[in-house]
Amino acid sequence: MRILLAGGGTGGHIFPLVAVARQLYTESEKEKKSPPDIVFVGPADKNGAQILKGNKIKTRRITTGKWRRYFSLLNIFDSFKILIGLIQTFIYLWWYMPDIVFSKGGYGSFPVIIVARVFRIPVIIHESDSVSGATNRMLARFAEKVIVSFPADFPELPAQKTMLLGNPVRDLTGVNEQYARSQLSIQTVKPTLLFLGGSQGALQINTLVLSALKELTNLYEVIHQTGDKHYKIVVKYAEEKLPKSNISSYHVFPSLNEIEMKNAFTVADIIISRSGAGAIFEIAQLGKPSILIPLENSASGHQDKNALIYQEAGACIILSRSNVKPHILLDQISSIINSENKREQMSRAALGFAKPDAAKDIAKLLLQYGK
């Protein structure tokens, strides 16, 4: 079976696609069938390309353009890029002719779904967030099924095709805590905080950490994933401003590979993160209490809504824009760390929200419709 994966090229799209691809191999092996031939078609940034390559997923890059819903001269330029992408995709799909397409949405998936429609190739679309993206809204009518992650209303998606399966995530479970602590050079018994800036880094979170770094490292072990762009600046600041006695409690990384991420999630008592779907469902998978800081001006406010739904489940605390201040962060962390009852309640809520079988369920659906 030939399965084509489509979507944007950043971690938010790539990680779920990889999770599904792994499960496709597993399901085929269980059924004693030949492993599927899987290829990703779309854009991919440096990190995304490395992740795909590391998971032995073939990649076919195409030119992609983004149509902005406001006047911009860039729309003229990107119109040509969209046209080129459609031609490239048409040629490739005519040659490759997959049995099914699995799309994560985003402008990178637009030409793939359009051309798949021309060739009558079945398409299954996945919407990660609690608010559907523009491409998914536009093209959902062409899909056999539309899978959503959040228990939210999606009036713009065809109800008869829509099903709730959750967001497929990497398996970050199964790591021994003492082993993880040794791998991260954590030497004290202080509670551990994990700050995640996402695959591209989060300036607001990085700034917040640095503003409270001395106080944080006095009380906690701090694991801080900065993103490549901000890493050197963060390290320089820490070296200049942090007391030498605190340095050993600050563990800073530009990015975390999968093994490092497993270790970090295992030892974390609280995770502080943006509220993209991938982050929320990975946090939920391990039942970790979390503090979420939604990205300002995220498309259609999806990070705000993601976080609100997760908070209503009892699994997190939200720091709104007006509350992203060092003293408020410290107070919220303290309120969780100092209350075993609160930690247990948030952990149970997170585990209850998780969809640990999402990748497996999606893989089975693809194998069913791709026959």
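Note that Cβ sites are derived from N, Cα and C of the backbone, with glycine treated the same way.
Caution: TrEMBL annotation is automatic and unverified by curators.
The annotation domain 'Glycosyltransferase family 28 N-terminal' is assigned in TrEMBL to 3-147. The annotation UDP-N-acetyl-alpha-D-glucosamine binding site is assigned in TrEMBL to T10, G11, G12, R170, S199, Q303. TrEMBL lists 70-95 with the feature transmembrane segment. The domain 'Glycosyl transferase family 28 C-terminal' annotation in TrEMBL covers 192-361.
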> DSSP helix, strand and coil counts for the domain 'Glycosyltransferase family 28 N-terminal' (3-147)?
Replying inline: 73 helix, 24 strand, 48 coil
>> Among all protein chains shown, how many Cβ atoms are found within 10 Å of the Cβ of G12 (UDP-N-acetyl-alpha-D-glucosamine binding site), not counting that one?
In response: 23
> Relative to the Cβ position of T10 (UDP-N-acetyl-alpha-D-glucosamine binding site), how many further Cβ atoms are located within 10 Å?
Replying inline: 20
